[in-house]
Ligand code: DSN
């Protein structure tokens, strides 16, 4: 399928950029752990006719007419999301993960209330209370951290002490750069001890939860989970808010998403979410997410053998965080750039209490969701890790880098981006 025939005729400039991106994705290895490749079915839904429709409100209760089919689509998306995550309620209208978190805060908190979230450099996310966000002008954010960056153990005693002192209204679990499982029972117990909501931002591991490769926070009593739909869950770009059982909370969330913060939902995107959730409900998705974990372990083995320090000592999920500055004297920015030269895309990333700045930190973050979608198993994943290590060691040797790039391209050719998932 060439989806760009009309753009090609009408707009050469945009067409050229799209063609370029098609080639970049086809010929390079995508290791950014928050990216993935969606099926053509998801893309078809995303560019479908539903983009023409305004649907403020929710199924059965809209502000405009003509909602026969939008209601069908949104109900399918909600029902599938509920089934995937064991939730009683789902809001599928938020446009992204940040929007989902913002809606969740505004639904549950009053200005001035406190949130206890993970420190960004220890794996948290900007929307969990980083000072650069406007959220910190409205709410107070206090932090928890790892006790030891070499094991990844969270300091739950300190977390409990902070909770008792600061009386947060939300105890927030979740991360964008933490490779281990959290002790969910601790989070819920700490939240309950101060009368706070227990919320988990599952954006990174949503697919792993849906495919039962890791634990589901709802099984431990979390009240709400926020998410994106485009990472391990392998759907279109977008957000999702799940409520375990409280109708009152779910109503607050719905009211805050619309009309509180957003206008008309992007129904084309919601249709794409519905299709992706349908794919995630298939047995083959369970196999896919299991393989993501096996592939990450295979990469872990290579980095450990090369004596490159991994934050938390390794991984139990889809991502790894390597301290390349501490281990090899190469900055995260330099590593990202030289790996890009050989067709391997990942991102520079801060490590715990990084002494370096965010634009040139000490670490690199990478993961296996996208290469696993391409069909990579442990053998190919380990080979990619070997090529990464070699690239970093031989970063000034142009001849060696060219050779590595040839091998990367040939791997990509052997494992083209699939059009659909069985
Ligand atoms: N940008 C996402 C990530 O890469 O983890 C988080 O927002």
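The chain as shown is numbered from 1 upward.
Every residue, even glycine, has its Cβ placed from backbone N, Cα and C.
Per TrEMBL, the features are as follows:
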type    : residues                : note
DOMAIN  : 7-387                   : domain 'Serine hydroxymethyltransferase-like'
BINDING : 120, 124, 125, 126, 247 : (6S)-5,6,7,8-tetrahydrofolate binding site
SITE    : 230                     : site 'Plays an important role in substrate specificity'
MOD_RES : 231                     : N6-(pyridoxal phosphate)lysine
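What TrEMBL annotates, mapped onto the structure for a quick look.
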{"residue": "120", "record": "(6S)-5,6,7,8-tetrahydrofolate binding site", "contacts (Cβ under 8 Å, 6+ apart)": "126, 128, 130, 350"}
{"residue": "124", "record": "(6S)-5,6,7,8-tetrahydrofolate binding site", "contacts (Cβ under 8 Å, 6+ apart)": "117, 118, 130, 143, 174, 175, 176, 178"}
{"residue": "125", "record": "(6S)-5,6,7,8-tetrahydrofolate binding site", "contacts (Cβ under 8 Å, 6+ apart)": "97, 101, 118, 174, 175, 176, 201, 203"}
{"residue": "230", "record": "site 'Plays an important role in substrate specificity'", "contacts (Cβ under 8 Å, 6+ apart)": "34, 35, 36, 38, 236, 237, 238"}
{"residue": "231", "record": "N6-(pyridoxal phosphate)lysine", "contacts (Cβ under 8 Å, 6+ apart)": "33, 34, 35, 36, 203, 204, 206, 207, 369"}
{"residue": "247", "record": "(6S)-5,6,7,8-tetrahydrofolate binding site", "contacts (Cβ under 8 Å, 6+ apart)": "88, 89"}
Assigned conformation of residue 126 ((6S)-5,6,7,8-tetrahydrofolate binding site) - DSSP reduced to three states: helix
Averaged pLDDT, computed only over the residues in the domain 'Serine hydroxymethyltransferase-like' (7-387): 97
